[in-house]
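Residues annotated as active site, nucleophile in TrEMBL: 38. Taken from TrEMBL, the feature active site applies to 248. According to TrEMBL, the disulfide bond annotation covers 59-83, 172-224. Taken from TrEMBL, the feature domain 'SGNH hydrolase-type esterase' covers 35-253. As annotated by TrEMBL, signal peptide applies to 1-27.
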């Protein structure tokens, strides 16, 4: 009996040690550096108001965001350099500055395995000029070249934006409980979505990266879907269960984004 007890004790000890090691074993060595605008940062409205009142500067991020979900779902070590308001090519708030910061901090290095990027939406409405796809391409290529120099082994993921409009170019800014979402035609937004998709897709092809088609995975989850089916909130919205900012991803949308990015990790 003593011998059997010793065998059982040893077996339990081994099983316990294996179970204790399991979470660490799931995460590949090296880190993931996340680069993006408010769709990744997912700042809350209260955080933005508090920052303006206090005069605080820097990048404020929501507690629940793509980086935290990506880390939870995959076990990857994520260094989050996303930041509200960042642009691809206009130059006033360049995402490139966040990339440079990641390099200076030593977070983007030869051990880095993945660099997901989502950017470009802020360039579409902060100027009266048409969307400049050539400037977008140059900026994407410059980002990719810097990443390749600092992290030659990294996989660059170019991530498209989720659906805001439906298939009829409808956008639902008002979503009130007890009423269907109020739809209005916004072909200009639909066209911007199309061009942003093309910018990211083409950048992935030119630079040997991976295109993560978040737009495709969110079809049927646009702002005009009822209740929790919408993964992007409206402007006046009491239907979407959980979200941080208007016209940004709901919590379900954030989780979906993390899943799509996680599936493409190296």
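Placement of Cβ uses the backbone N, Cα and C atoms for every residue, glycine included.
Feature map: TrEMBL annotations on the structure.
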residue: 38; record: active site, nucleophile; contacts (Cβ under 8 Å, 6+ apart): 82, 83, 84, 85, 245, 248
residue: 59; record: disulfide bond; contacts (Cβ under 8 Å, 6+ apart): 41, 81, 82, 83, 84, 98
residue: 172; record: disulfide bond; contacts (Cβ under 8 Å, 6+ apart): 181, 182, 183, 184, 222, 223, 224, 230, 234
Packing count at residue 224 (disulfide bond) (other Cβ atoms within 10 Å of its Cβ): 25
